[in-house]
Amino acid sequence: MTIMKSLFGATAIVALGAAAATAEPGLIIDLGGKFDKSFNESAYNGAQRWLEESGASYRETELQSEAQREQSMRRMAESGANPVVVLGFANASTLEKVAPDYPDTNFTIVDMVVDQPNVQSVVFKEHEGSFLVGVLAAMASDSGTVSFIGGMDVPLISKFACGYAQGVKAVNPDANVIVNMTGTTPTAWNDPVKGAELTRAQISQGSDVVYAAAGGTGIGVLQAAADEGILSIGVDSNQNYLHPGYVLTSMVKRVDNAVYEAFEAGAAGEFQPGIKVMGLDNNGVGWALDENNEPLITESMKATVEETKTRIIAGEITVHDYTTDGSCPAY
Amino acid sequence: MDLATVIQLLDSTLRLATPLLLACLAGLFSERAGIFDIGLEGKMLAAAFFSAAVAAMTGNVWIGLLAGTAASLALAALHGLASITFRGNQLISGVAINFLASGLTVLIGQTWFQLGGRTPSLEGAARFQEITLPLAGVLEPVPVIGPLYANVLSGHTILVYVGLLAVPATWYVLFRTRFGLRLRAVGENPGAVDTAGVSVVGLRFSAVLICGLLCGLAGAYLATGLSAGFVKEMSAGRGFIALAALIFAKWRPWYALAACLLFGLLEALGNRFQSLEVLGVTLPTQFMQALPYILTVVILAGFVGKAIPPRAGGAAYVKER
């Protein structure tokens, strides 16, 4: 019996070895869906870019419910995918548990830090990018009141809100920043009806620029803003094209670059565990300018925001990160 | 709180209450006939998807509305088939419909539009436009009543008015017609109805189909009235809140209107104020979001009068063994 066991074991190891030699990277798309026009879609685009450029293939799976996290992570690792990229802060505790069980598999987690020897944690300085769009919002606002709509009420989303509020106050210290969160459960990422209703409530309080960091809910926010004739700011992917002339800009978070680089490093065998920070300096975050929002951005706005960007990179302006102490100086 | 804030809150309340109201009345017909329906959510979702998808393809929201209602009716018929004809468990059939709608909408949406289960954004005639009620402009200067009429009641899409008119219509059908009497009887004592020579199966099927029709309107309103397109899982639990409202309303149409308006108002308050000061106590927005469920539990526990469901609810009718 023991011989049989070791035989099986040996076969399994051989099979694993064979899989590792032809390892494909794996991507686990988070709740919200592959084409959320936002976070997940950006990751998917990064994977597609890698696919086209390298000519190789990758494995992909999409979470349908909160309960599937561990199962799909394990299945992905067992299928021989390497590295495995998981998206979103909600995966942290699961990965903490799963990663030690697969020491030969490299994991990359976006948006959260997991301290394991085979895990690379990619975090973005969303507060810096949000600061920049806050500057633009304050300059574009006539009423002196701007607003923010977050998805699920988690510290990461408050990080967006806090950076934005600081950017607004940097231009106009008297400005009023209204902050709303859609909800406390994952349905908050997919509720455009509530997003639109929150937008209308904010407009009635005087807001004329609304920044949405809310996944699929943001589609409703941008739509309501366009319907009511105020400006909106998109998030994660460049969403300027959704309502040309009404989307002031988008706070782009280059999740695609993070995924692309993780795949690239995995293929080249240069995987580095630890924390990787993507900020303004390495184009991890930024603001979007294209033909759809060009008429909305004046020369002075462009000059101010670029100057702010340089000063943040140089360290002359420090943007407070909400997640470090759970409080925000701007509201 | 000034008048403008109150007006905005009430305006928002009416918008948010409408899908709840339509779904609640849908559940009312079904449950009064003795068929529990926790598939309201799924039917709304399917209707939201098909109305938005067909409206996007044809550019005509009315054709979209027809398609959405048809989809909801199809699911209602399925529920009827499973729980009336084959005497299956009504709750399980309802759960199955919720899962079916959740999966099918994304699958079909992805096949049709390649947008990950979303539909393209609807523009112009592909979505319901807000309509201004007659005399809204003339009456506006009248104090209190004027702004209430012009800014709260006027300026919604047609389905809001359909929802409001559905309340007296439901009351009339259920309590003033022969059909309504039989429908209520079949939910209390189907054996008696059968003895009187009236078809229990026929009555229950018509109730379930009316439920499908109203759910279809609710779903279409979500996707083509309140927003401009379908996003996966966009019903976001409204079907379940509607069920809660139904229990809260003790299965009565006018109470249903009040319950849905109350739940809509709570949501509107939660949207408008992140935290609300009431008598020196700060209520966080999460509390407002949970309040519909808390209230329902309180009602169910029998603290505020008794909520007695139709007696034959949940049981399939077996003519003879």
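From the backbone N, Cα and C atoms, a Cβ is placed for every residue, glycine too.
Taken from TrEMBL, the feature transmembrane segment applies to B:12-30 (among others). Listed as Cβ neighbours of the transmembrane segment (B:12-30) (distance under 8 Å, sequence separation of 6 or more from its ends, same chain) are residues 36-37, 40, 43-44, 152-153, 156, 159-160, 162-164, 166-167, 170, 174, 183, 207-208, 210-215, 217-219, 221-222, 225-226, 238-239, 241-243, 245-246, 249, 251-253, 256-257, 259-261, 263-265, 267-268, 271-272.
As annotated by TrEMBL, transmembrane segment applies to B:65-84 (among others).
Under the heading transmembrane segment, TrEMBL lists B:91-113 (among others).
Taken from TrEMBL, the feature transmembrane segment applies to B:158-175 (among others).
Away from its own ends, the transmembrane segment (B:207-231) comes close to residues 15, 18-20, 22-23, 25-27, 29-30, 32-33, 35, 37, 40, 43-49, 51-53, 55-56, 61, 64-65, 68-77, 79-80, 84, 105, 109, 117-123, 126-128, 157, 159-160, 162-163, 166, 183, 186, 238-239, 242 of its chain (Cβ-Cβ under 8 Å, at least six residues beyond either end). Feature annotation from TrEMBL assigns transmembrane segment to B:207-231 (among others).
Here TrEMBL flags B:251-269 (among others) as transmembrane segment.
Taken from TrEMBL, the feature transmembrane segment applies to B:290-308 (among others).
Using a cut-off of 8 Å between Cβ atoms, the transmembrane segment (B:91-113) and the transmembrane segment (B:158-175) share fewer than three residue pairs, counting only pairs 6 or more apart in sequence.
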